[in-house]
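What TrEMBL says about this one:
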COILED    B:25-52  coiled coil
TRANSMEM  B:78-96  transmembrane segment
DOMAIN    B:89-204  domain 'HAAS transmembrane region'
TRANSMEM  B:108-129  transmembrane segment
TRANSMEM  B:141-160  transmembrane segment
TRANSMEM  B:172-193  transmembrane segment
TRANSMEM  B:200-218  transmembrane segment
TRANSMEM  B:224-242  transmembrane segment
Amino acid sequence: MSSSQILKGILEGCLLSIIGKGETYGYEMMEKLHASGFTMVKEGSIYPLLLRMKKEGLVATTQKQVPSGGPKRKYYSLTPKGEEELKEFKKRWSAISGSVDSLLRKEG
Amino acid sequence: MKVSKESQQFLDNLRIYLLSSGKNEQEINEIVEELEDHLYEAERNGKDVEDIIGQSPKEYMNQVADEMPLDLKGVLKYIPIILIGAFSFILIDDAIRGTMEYSLLELIGYPFIFFINLFIMFRIAFRYLAISSLSETKQWLLLSLVGMVPTSLFIVIYYVDRSFQTPSIEFGNVGVTVAVAFAIATLIGITLWSKSWVTIIIPILLFLPRIFINMTSIEDNTKLIVSGILPLVLVGTYLFIVSKRQQHS
């Protein structure tokens, strides 16, 4: 597995988590990722991922009018399947990060 | 909402790339609008298109295309329209040549090919592709094979028709007029449907010069050469202008 594939899996989990906190749209998700320190992620790379997540039935989309007027904006929300996947991701992540942490501590 | 010129160009290229990859038009509109929204917000915050999609637009377009399924219905619906367009075209061409004579074999054979083709496409190809999970390359391969069926049948009829004489029907003046009117109406219909002038402009460029040349009194040989070359030059020029204009916008 290449490092970009690992990052993709992690990024998908993070997007699930962001969307799980409330309906949101692409640019806002990116801002939240950046605010958490994900500056290595190219902004546009979330869209192919979002397309796949929608295809897999993890997220649903609705078009809504932007409050300031202008064109419609696409909002994402989690489907029940997406919430399930988020739970699984959290479990997997805590197992992985726990093991990596303990290994690195021993090395240090 | 207005994005920079570079961003707009990227969005236009993305749309063309996805359309020519056979993706669903509705889905293309959605992703293009979504990216436009993102680029607009990003530019307001001092970022440019390269910050969003990275150095290689081509690679980014590929990533997007990979996540979108092939829109089979959308692709297949063009085939009968291309066939009907081709029939109208041949009809007008024959009318100008003044040989609207068709053998029984042709009269039965051509519509027969048309219906065989429809049947293969919708009943077999579409249904099979919809339930199978072939890779995109294999899907295109299968579609090309399906596309080759009518072409090969046309060639078969052409040669069989030359070897066996079947009774033939010649269109009289009324017949020619009706057939040509029908063909022209079809081409206009396709133009309205596709919202593109190509199906009107190309026949005009191909046929009008020949009609005018035939009316003049230049020598027959010269007529043949001029009416062979002139339409090609005109169509070439037209396509050149169109592609230039597309690059500019």
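Every residue, even glycine, has its Cβ placed from backbone N, Cα and C.
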Apart from its near flanks, which chain residues at least 6 from the ends of the coiled coil (B:25-52) lie with a Cβ under 8 angstroms of it?
1-4, 6-7, 10-11, 14-15, 18-19, 64, 68, 71, 74
How many helix, strand and coil residues does the domain 'HAAS transmembrane region' (B:89-204) contain under DSSP?
94 helix, 6 strand, 16 coil
Apart from its near flanks, which chain residues at least 6 from the ends of the transmembrane segment (B:78-96) lie with a Cβ under 8 angstroms of it?
110, 114, 117-118, 121, 147, 150, 176, 179-180, 182-184, 186-187, 190, 193-194, 199, 203, 207, 210-211, 214
For the transmembrane segment (B:172-193), could you work out the same-chain residues 6 or more beyond its ends whose Cβ comes under 8 Å from its Cβ atoms?
81, 84-85, 87-89, 91-92, 95, 100, 199-200, 203
